[in-house]
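**Q** Handing you a structure now.
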Amino acid sequence: MNGVAAALLVWILTSPSSSDHGSENGWPKHTACNSGGLEVVYQSCDPLQDFGLSIDQCSKQIQSNLNIRFGIILRQDIRKLFLDITLMAKGSSILNYSYPLCEEDQPKFSFCGRRKGEQIYYAGPVNNPGLDVPQGEYQLLLELYNENRATVACANATVTSS
């Protein structure tokens, strides 16, 4: 009888109709930061996996060395890792940016070279030019992908500056 109960529990927990990630709404929305006149809310756009992200020193005046925390379990190897950023406001593209995070001959981070199934947890600075975020609402699409263009992580974010 215990085997039947265990099988039923597994079926209920993995059934698309009972779990939020199988619905139209996708993964839950997370707040990466909310203070200093700036709010960043994101949702994973990868249908198979969610991840964690937080931003320290949340402010409309973004510092040149911004500290973040990021955690995920890899579904793909990352010999090479790339970040694409698309910034939009009022439906118009403002910025498209692509940056290599891991290259075989120049790994920039300790997680470069990690394998499928391993966990990445990064807590540290992210270098950026530093800027003042103008008042308004912005949409960000962030995509991390490996050398085979396989998605490592993907997020739709809303940035609100007041």
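Numbers here mean position along the shown chain, with the first residue as 1.
Glycine residues also receive a Cβ, built from the backbone N, Cα and C atoms like all the rest.
Quantities reported herein were computed from a predicted structural model and do not represent experimental measurements.
The annotation disulfide bond is assigned in Swiss-Prot to CYS33-CYS58, CYS45-CYS154, CYS102-CYS112. Sequence annotations record features per position, and here Swiss-Prot assigns N-linked glycosylation site to ASN96, ASN156. Residues annotated as signal peptide in Swiss-Prot, with experimental evidence given as evidence: 1-19.
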**Q** Provide, as an integer number of angstrom, the distance between the C-alpha atoms of ASN156 (N-linked glycosylation site) and CYS112 (disulfide bond).
**A** 24
**Q** Let me check the 10 A CB neighbour count of ASN156 (N-linked glycosylation site). How many other CB atoms are there?
**A** 17
**Q** At the Cα level, what's the spacing in Å between CYS102 (disulfide bond) and CYS154 (disulfide bond), rounded?
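**A** That comes out at 17 Å between the alpha carbons.
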**Q** Which ones in the same chain are close to CYS112 (disulfide bond), with CB under 8 Å and 6+ residues apart in sequence?
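**A** Listed in sequence order, they are ILE78, ARG79, LEU81, LEU101, CYS102, GLU103.
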**Q** Please report how many Å separate the Cα atom of CYS45 (disulfide bond) from that of ASN96 (N-linked glycosylation site), as a whole number.
**A** 18
**Q** Of the recorded positions CYS33, CYS58, ASN96, which one has its Cα closest to the Cα of CYS154 (disulfide bond)?
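**A** Minimum Cα distance from CYS154 (disulfide bond) across CYS33, CYS58, ASN96 lands on ASN96.
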**Q** What kind of secondary structure is CYS102 (disulfide bond) part of, going by DSSP in three states?
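**A** SS state of CYS102 (disulfide bond) = strand.
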**Q** What whole-number Å value do you get for the CA-CA distance of ASN96 (N-linked glycosylation site) and CYS33 (disulfide bond)?
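**A** The Cα atom of ASN96 (N-linked glycosylation site) is 23 Å away from the Cα atom of CYS33 (disulfide bond).
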**Q** Give me the long-range Cβ neighbours of CYS33 (disulfide bond): same chain, 6+ apart, Cβ under 8 Å, in sequence order.
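**A** Once residues fewer than 6 apart are set aside, CYS33 (disulfide bond) is near GLU39, VAL40, SER54, ILE55, ASP56, CYS58.
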